[in-house]
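Written below as structure tokens is the structure these notes are about.
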Amino acid sequence: MATTPKEVENAIGLEEIHTEGQEPPKGQKMFTVEEAVETIGFGRFHILLFLIMGSTGVAEAMEIMLIAVVSPFIRCEWQLQDWQVALVTTMVFFGYMVFSIVLGLLADQYGRWKILLLSFLWAAYFSLLTSFAPSYIWFVFLRAMVGGGVSGHAQGLIIKTEFLPTKYRGYMLPLSQIFWLAGSLLIIGLASVVNPTIGWRWLIRVASIPGILLILVFKFILESARYNVSTGNTAAALATLQRIAKMNKAAMPEGVLRESPKERRGRFKDLFHPKYLRTTVQIWIIWLGIAFAYYGVILASTELLERDLVCGSVAAAVQGSSHDSEESRSPCHCRLFGPAAYQTMIISTVGEIALNPLNILGINFLGRRLSLSITMGCTALFFLLLNICTSSTGMIGFLFMLRALVSANFNTIYIYTAEVYPTTMRALGMGTSGSLCRVGAMVAPFIAQVLMNASFIGALCLFSSVCIICAISAVTLPIETKGRALQVCV
């Protein structure tokens, strides 16, 4: 007689109860999740996981980059001043900061898969509501809620990290940047068509579609076997590993899956354990600085395009001031993007993938710390080069290189953070780091959109100084994770 899925589930549950705490027979071989992951190796399962989890980057990029292509339109519609436009971005990252910690705690307690699904539902719901915002205040509030939902997408990276064999992490995780690039280019391309025709509200509705579609494929995602073992659910972890081995057409290790010591998960005090205290503080500094630089580049690009702040434009503006309309001379700077502006945004965004091959080589051969230190130092240099009086082509070239460098920075710190913390606190470590990251992102709009208009060189020097501090913090990190197995407990 065939066994129903419910009976199988009950049998697994009973087996888990009866075997919990029992020692295997003397002399029987045992293996860990780490050994199983390495033995099974890379295969079809990991390719499918890479495509599904990588696609979360498309949805995240579209939601985060949306403000950059919508800000000129809401500025005009609601007659906003500089600080009001900057506040929109700041509140998105405020929502991200608050929810990043909360969702990180919940993911360590209740699982990565559940929190990832919840975050997608949350972000899609509030993103659609944003398109109906009747006022500026409602728009700011709803985008903050979207930021809160998007913060949970980091669990996708954790799931990938916990399933990948050690030697593949340094190659596959940076390649995920392709999906972020695809999302960024998609939203810019859509904006160039949708904004001038049916308006920014429809752009937001269209941008929410990828996130909704991804929810439909969540049934193909497995909960992390490392997480299940850390909670004592060895039967579920074993079933997951066997399914992966079957998909990859590989053999499982001989013996019984070893249970890890049961420890409390997701405790803040573990981040400040003597073993991780210095690492935690320096990681937080780096995350804050990288986000400050990354979103500073994006928003500064928008300002440069929106106000045409390239060399010689000031003189041109003065000469043509008598012909300007009253609207163009208003403090709200109501000036919409044209085709050339969207084209420039696409070119600079493509820069995010330009250094990806070199970044992968650096991560795998120089190590995470040295590679990050070098790219952060180069980022500081190119921020200063933006002050050079140059043509529009030269400005685009500098922005292209800056986008490539800040993208490489994010690639490396994401990998390092996911590798350096043990399973019992990995999601919390990523969550708190993501929170500090959003502090930098919250400050960036006021530097790139407000201070830059008052003192161009002052804003650039500030961005450059922060990058130098991050470069020093990176090279002095106490732990190198290159070739290091993922830790289970503190």
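Quick reminder: no glycine exception, Cβ is built from N, Cα and C everywhere.
Among the residue ranges 47-71, 122-146, the one that TrEMBL annotates as transmembrane segment is 47-71. The transmembrane segment annotation in TrEMBL falls on one of the ranges 302-320, 340-358, 378-396, 397-415, namely 340-358.
Contact count against the transmembrane segment (276-297) (Cβ pairs under 8 Å) is highest for 83-106, out of 83-106, 171-194, 340-358. For the domain 'Major facilitator superfamily (MFS) profile' (49-482), the model gives a mean pLDDT of 82.
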